[in-house]
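For 3-17, the entry in Swiss-Prot reads FAD binding site, with the evidence type sequence analysis.
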Amino acid sequence: MKVIVLGAGIIGVTSAYQLSRAGHEVTVIDRQPGPALETSFANAGEVSFGYCSPWAAPGIPMKALKWLFMQHAPLILRPRIDAAMLSWMAKMLSNCTSRRYAVNKSRMLRLADYSRTSLAALREETAITYDERMQGTLQLFRTEAQLDASAKDISALAADGIPYEVLDRDGCIRAEPALGRVRDKIVGGLLTPQDETGDCFKFANALAGRAEKLGVCFDYGTEIRALEVDGGRVHGVVTSKGRRAADAVVVALGSYSPLLVRRFGIRLPVYPVKGYSLTIPIADASRAPVSTVMDETYKIAITRLGDRIRVGGMAEISGYTNDLGIARRRTLEHSVMDLFPGGDAAKGSFWSGLRPMTPDGTPVIGPTRIAGLFLNTGHGTLGWTMSSGSARVIADLVSDRKLEIDATDLAIARYG
């Protein structure tokens, strides 16, 4: 089949690679001049199969109110008259129950664990290197209350068979020796040892190169204008360079996916939540992280990427704006320098990207009411983590092959 993948971020590139391996003639279309130049460009670098949780969780509404008044808040809300924003926020609040949290986290862990084995197979198959490390994620707690609140996550990990270790202060320091100098600032942590780290941009570019060798065509610098739909079936894509015919189309446009499909009555509850990152050179390796540390207080990930530290996080709900707020940079600098002052923050590269978030935290992967039109989007902060498994799921669905995991509850049909 002739398949068009819309979007050349990490989700689009991995999808194209797996579709090509499945025997399809694949074209990737993206407005940027190369792969992974938007949300996938400078994400936090964590490939967190175990540290995988919905933002919609019990207690979050009250925490959100408190965060709004914090100096270094993990959440920034800039309300506006925007029906999509208000609808998305209402749906997210409805998922902040213990029952919904358990269902959503189980879905996410299922896909993340599948992605773990899929990424391992892909790495072995392609021999791609991308500043990868396989030393786990340490969720770091500064207070006893944070440690106690991790019980629900521990229960979910145990139920899904995901390895974990609950660490005391000394255990955290053994995992991340640089924390020894700030031992009084931490009380414990939760280590998910199967988690990894790596540079998403490097990986996406290397895999795009492998995909081209398989015959995938990358049509960069091309605006996507509309889908061509007739008789309940997709027939192609209208672009700034003309029409492209297709037997199937995979929409992997991140936060922009809903804007493309809504004219066909597809109400895709994906909304942009801006995240920020700061990439700084390491000046003193003894005071730098070994792998990824999640600072639970500020909801910030601090990740070792070769000779760099990538600090990423925060959630700014402000629509489709990509401006850089200097206050957000100060928050990132505060978190990393407080725990790991081995980097030169003054030389840091500051960046922001729009994460495509669903209200329940689970991505939308699967068919739509339009024959031949598929979605692979809405991965939020976990696009890098879930990309390899999501790509195999979408390739199997497009190819009408038996899936290796249950993906029925990942489709848009779950929203009714």
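Using N, Cα and C of the backbone, Cβ positions are placed for all residues, glycine too.
In the three-state DSSP assignment, the secondary structure recorded for Val13 (FAD binding site) is helix. Look at Val3 (FAD binding site): DSSP puts it in a strand. Ranking the binding-site residues Val3, Ile11, Val13 by how many other Cβ atoms lie within 10 angstroms of each Cβ puts Val3 at the bottom.
Ranked by Cβ neighbours within 10 A across all protein chains shown, the binding-site residues Val5, Gly7, Gly9, Tyr17 are led by Val5. When other Cβ atoms within 10 Å of the Cβ of Ser15 (FAD binding site) are tallied across all protein chains shown, the result is 32.
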